[in-house]
Amino acid sequence: MNASVVLNLHLISDSTCETVAAVAKSALEHFRSIEVNEFVWSFINSCEQIDKIMSLIEHDKYNFIMYTMFDDDIRRYLKQKAEVQEIPCIPVLSRVIRELSCYLHVKKDPYVNTGMGLDDEYFTRIDAINYTIAHDDGQNLWDIDKADIIILGVSRTSKSPTSIYLAYRGYRVVNIPLVNSINLSVDLSSMKNKLIVGLTIDIDRLIEIRKTRLVSMRNQNNCQYVDYEHVLVEIKETKRICMQNGWPIIDVTQKSVEEIAATIIQYFNKMQH
């Protein structure tokens, strides 16, 4: 593999993923020329969740799995699925645990919390989560200059869940809804050293999502919210604003939050170099 090849690194854990992420970070320090997209899959505790993860992996790319998994059955299932798809699948703790058990002649505990301690990275992440929640849906823009990432998009394009996912990774995120005929209250074009990214989506898929949303809210009389021409204008305006300012646009149609976040992190890392 050379520097022009991108590695999709999948970190899987039945806990918070902090342990496997820390090991991965240390390992990658030895390969700084390699471009890496990280996909973090936390609290995985069923074979169905493993199936979903494996179905989302793009097989025409370089993929690598690192994991911590306490349940023996789920761990074996993950390894079997990875073998079938010919993806390297490396446990980061099993060898150490096995060697300790053999050496001391003591069985491993029936349950263990694999989360890490309250270090600086932990508090940085908590701060990012608090900041991101406070700035969800265009709120509290008075200190937007403290954000690492600003996400724009029309309603129901996964802005909020993507923001929270990124916050868990330690990024301060502001997400701002773009609404027709309403001007932004801040001048984003003057923002320096901020990644600003727009989210767009297939119009038919967006209308379908919005209709489901209206049903759940028992507010099916909001015709403009799901009107094809109105929604089309919203999407076009988002693209126009982003293209005019040179901000990247991500099509989130059929993409998971993890995939959207991985793409945003890739843009962010490129901006830093």
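For all residues, glycine too, the Cβ spot is worked out from N, Cα and C.
When other Cβ atoms within 10 Å of the Cβ of Gly153 (ADP binding site) are tallied across all protein chains shown, the result is 25. DSSP classifies Gly153 (ADP binding site) as strand under the three-state reduction. Feature annotation from Swiss-Prot assigns ADP binding site to Gly153, Val154, Ser155, Arg156, Thr157, Ser158, Lys159, Ser160.
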What does DSSP call Lys159 (ADP binding site) in the simple three-state scheme? helix
Residues close to ADP site centre defined by Gly153, Val154, Ser155, Arg156, Thr157, Ser158, Lys159, Ser160, Cβ within 8 Å: Asn175, Pro177, Leu199, Ile201
Counting Cβ neighbours within 10 Å across all chains shown, tell me which of the binding-site residues Ser155, Thr157, Ser158, Ser160 comes out on top. Thr157
For Arg156 (ADP binding site), list the number of other Cβ atoms lying within 10 Å of its Cβ atom. 21
